[in-house]
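Undergrad: So that we are looking at the same thing, I have put the structure below in structure tokens.
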Amino acid sequence: MMTPGKSSKTPIVGNLTTLGITIPDTVTSIGFKTFYGCSSFTSIIIPNSVTSIGTKAFTGCSSLTSITIGNSVTSFGQEAFSECSSITSITIPNSVTTIRDFAFSGCSKLTSITIPNSVTSLGSHAFRGCSGLTSIIIPDSVTLIRGSIFYGCSSLTSITIPNSVTSIYSSAFYGCSSLTSITIPDSVLDFGSAAFQECSKLTNIKIGNNVDSIGSLAFKRCSSLTNITIPDSVTTIANSAFYECSKLTSITIGKSVTRIEGNAFSKCYSLTSITIKTTNDITSSITTDVFLNCPITELIYETTGLTFLTYEYFKDKVTLIKFNIPKSDSNSMIRLQEITSLPTLTHFTNLNKVTIENINELTIPESFIEGDNFEILITNNIKSIDPNAFKDCSINKFTYLGTDKLENDFLKNAKSCEEVITSTKYSDNEIGGMTITHKQSEENPNQPGENPNQPGENPNQPGENPNQPGENPSQPGENPSQPGENPNQPGENPSQPGENPNQPGENPNQPGENPNQPGENPSQPGENTDDPSKSKENKAIKGGEIAGIIIGSLIGICLVVAICFGVYYYFMRIKPKNKNDDNEGNQEDTIANGTNEVTNENVLATFDEQPNNESDSNGLDSAEV
């Protein structure tokens, strides 16, 4: 048996230079430091007669590349193969039950290792510094992953933790900088401090539903982690648990959390959103450094444990608060018996948006919010809103997608309210004392809806007929009947009798004649020519244009007839009469008794000559017409 003396502290075969060594079958154990520091030999065969390998038996055998371990070995001592920096692979026989601390630590070129189901115990630091190890499967027989077992395994990309594991100790995966994802099974009850610290490529981690605490530094500097959900089983998030997770954008705090310790999320420079499910008052345990240097802008409440709203750190950072309290949450329903309304949010100095998805029987209280340029979205029915809920608030947009009617003048009493949107199923045209400007479907709360009160959007709605009051383009500045503005009558005076465009049958406000009809003048309200929904209106416009052409043609024909009639009248009646007057000569006026007497012939002549004194023959023609 190759064992040192009781007092010996030196290796039995120290500084062995032989390239290969075979241990004889008579050997049953390899003792303490037997081949310690044998840096030259490259291979070793351990026979089936050997049952145990002692502490540091092969430590520092830096050229050793091949090891054959017999099937009778049951345990490896501490540091048995530590610092064997040239070993690339090891197969552990099914006879082994225990691998002790540091057994393979520092084997930097080890890329694969097979651990059989016979192994029930893996010691701490067992594979520490195995920087070439890329993957490992932990057998179902292992119940504990001890401290620093894979510390510094920087090439490890995947690992499977079996359902048999109940605890993960401190620094178990510290510095596994290539590990991208890991699933902690429900069998795990806790994991210690720094368990996943410096896992810089870890982007996804699922924490089991039975973990009761997250240790300090557990995920410190996991700089690729983007989101984390703390399961409902967790009660404590220890100090610096997620310290400097620089890409973490959102977290969900589970229902049972009662304590969050200092710097838990400090220096998470991208953390903007927190979802709170806990019903416990955790503000007393939170110090100001818990979220230090976190640009949090959004709080989402899925619980009635609303005391978290009083946390001072949030007051000048949060811009959006959302409430979504599930009706099926029994804990929430118990809490609902204790409170009747949401708390006021007036201490949030930069808050500008509130979304309420579900608050069950809670109401919105007086002085709920204050500030300017608010957007409020309520996606479901709520019990009531206090008439003075928004009295110190100017609202850009208020959206209510519930169907139950809301009483009180809560919008009218606000400092201002620019836009009011409801569901298409909301029966009234007013809400909160304000007229509804748009209605939209519940499925798409962010899209602008239709304004039931705006003219010009539905061609069948009242108020869209261009002849309706308020839309007559004959208003000052818009009358196409002004001289030179009617494209169908260039150079004509529409003020003459028979040509007034406001007379029946010639009204330019009829469909098709008004150049300001919807679809022709994009500056008119409600006449967006790019809207495909107005195809019916466009068809009406085309029909109107055809009618306008016909009417214009008729007017032109009438003008031609009038001119012809005037020419006829002149040549057939007026010109012959003038010739007769020349033959008769000038007659003397007869004056009797101080009175001018006019002969019948002069009266007739005077009547006949009158048209020649008119300055505008067209005027006479029009009168005759």
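For all residues, glycine too, the Cβ spot is worked out from N, Cα and C.
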Undergrad: According to Swiss-Prot, which residue among ASN227, ASN593 is annotated as N-linked glycosylation site?
TA: ASN227
Undergrad: For the set ASN15, ASN613, say which residue Swiss-Prot annotates with N-linked glycosylation site.
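TA: Comparing ASN15, ASN613 with the record, Swiss-Prot tags ASN15 as N-linked glycosylation site.
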Undergrad: Per DSSP, what is the helix/strand/coil residue tally across the repeat 'LRR 8' (222-245)?
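TA: Residue counts in helix, strand and coil order: 0 helix, 5 strand, 19 coil.
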Undergrad: What is the three-state DSSP composition of the repeat 'LRR 10' (271-293), stated as helix, strand and coil residue counts?
TA: 3 helix, 4 strand, 16 coil
Undergrad: Return the count of C-beta atoms lying within 10 angstroms of the C-beta of ASN227 (N-linked glycosylation site), excluding that atom itself.
TA: 17
Undergrad: Using DSSP, how many residues in the repeat 'LRR 4' (107-129) fall into helix, strand and coil?
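TA: So the repeat 'LRR 4' (107-129) is made up of 0 helix, 5 strand, 18 coil.
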